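Peer 1: Shown below is the structure under consideration.
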Amino acid sequence: MTSAQPETRPTAPSPDAAVPWGELRGRGFAKGHGTGNDFVLLTDPDAQLALDADLVSLVCDRHRGIGGDGLIRAVRSEALPEGRAVLETAPDAEWFMDYRNNDGSIAEMCGNGVRVFVHYLVQRGLAEVPEGEVLRIGTRAGVKTVARTDSGYAVDMGPWSFLDGGTARSRGSDAVVTAKGLKVPRPALSIGMGNPHTVVALAEGEKLDQLELFTAPVVRPEPEDGTNVEFVVPADGDDDGVGRVRMRVHERGVGETQSCGTGACAAAAATRFWGGPTAPDQWLVQVPGGVVSVTFVPAPDGAEHVVLAGPAVLVADGTFV
Ligand SMILES: N[C@H](CCC[C@H](N)C(=O)O)C(=O)O
């Protein structure tokens, strides 16, 4: 007869089982999203938190942390060198959006994030966006101007650019992308939206939904600072003069996301460029998490700006324990 194994009683979790939040412990946070591109948001007016990559990656971990595509810290612009640079040209940009990717890397800009960030500032009583007026905020891609819309917010994302510096360009490409589900390496356009994007138009017979994006697409030549990669196909719609594309995205520092605001702008810019001079200025970009609107507008500075509009949702508040 075997001796009965001594009963092992569950013991209280040991202190080192506590989550290593460090200086985040006891602080509040919010969770929000824009068309499914989700973020953990927190306020640190004087930039006192040392947000290293490991801590950000833990916060964004969907199993051991809060979970998110990125973390957004609200900092007063005067508290960061990048913010003080913005204040030189936009002294009213009181708040700065400090955006970090899921892997803890810093990215220059986040289009969905800006909308959720402003919604968070307003909900926390830290800023206002009066009807018919705009709020200016600082980002690592300069000042962004935000206005309310009936269904969320519209952000002037500033100008877009070809990243290889090319202006008069053929329909060719400056990059070639390989991914599972693409028959052959596909030519792509490199577009800057404050952050880098590589846009691929699928060919006949290549199905957007059959792309396998668990692993990062391979871009050659390899961009020095990495890139967000968008795959686009034309989307059906009314004959209303509005362009429509459907998009999936593999984000730098994240992986596939439900949506990417700067990516939607880049996808619309590339598709409009490929469409030639008669292509529309208004676009609806369908992403797995919803639809965002992208409009190309002449701007006072003589450049052509991109306006991104879409929803912003705050889902919950919480505390790091
Ligand atoms: N989701 C963001 C883009 C984050 C871009 C980031 N992944 C990068 O490294 O540039 C957006 O809505 O624009």
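Note: Cβ is positioned from N, Cα and C throughout, glycine not excepted.
Found this in TrEMBL, in case it helps:
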| type | residues | note |
| --- | --- | --- |
| REGION | 1-25 | region 'Disordered' |
| BINDING | Asn37, Asn101, Gly111, Asn112, Asn195, Asn228, Glu251, Arg252, Gly261, Thr262 | substrate binding site |
| ACT_SITE | Cys110 | active site, proton donor |
| ACT_SITE | Cys110 | active site |
| ACT_SITE | Cys260 | active site, proton acceptor |
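Show me how these features fit into the shown structure, please.
Peer 2: Here Asn37 (substrate binding site) comes close to Asp69, Gly70, Cys110, Asn112, Gly113, Thr257, Gln258, Ser259, Cys260, Gly261, Gly289: these same-chain residues lie at least six apart in sequence, with C-beta atoms under 8 angstroms from its C-beta.
A 10 Å cutoff on Cβ-Cβ distances gives Cys110 (active site, proton donor) a total of 29 other Cβ atoms nearby, all chains included. Classification of Cys110 (active site, proton donor) by DSSP places it in coil, neither helical nor stranded.
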Peer 1: Which three-state DSSP class does Asn195 (substrate binding site) fall into?
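Peer 2: The three-state answer is coil.
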Peer 1: Could you list the residues of the same chain, at least six apart in sequence, whose Cβ is under 8 A from the Cβ of Asn195 (substrate binding site)?
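Peer 2: Non-local contacts for Asn195 (substrate binding site): Ala107, Glu108, Met109, Cys110, Ala141, Asn228, Arg252, Thr262.
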Peer 1: To test your reading of the substrate site: which residues beyond Asn37, Asn101, Gly111, Asn112, Asn195, Asn228, Glu251, Arg252, Gly261, Thr262, same chain only, put their Cβ within 8 Å of the Cβ centroid of those residues?
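Peer 2: Apart from Asn37, Asn101, Gly111, Asn112, Asn195, Asn228, Glu251, Arg252, Gly261, Thr262, the close residues are Gly70, Ala107, Met109, Cys110, Gly113, Val249, Val254, Thr257, Cys260, Gly263.
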Peer 1: Under 8 Å Cβ-Cβ from Glu251 (substrate binding site), six or more apart in the same chain: what's there?
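Peer 2: Sequence-distant Cβ neighbours: Asp69, Asn101, Asn228, Thr257, Cys260, Gly263.
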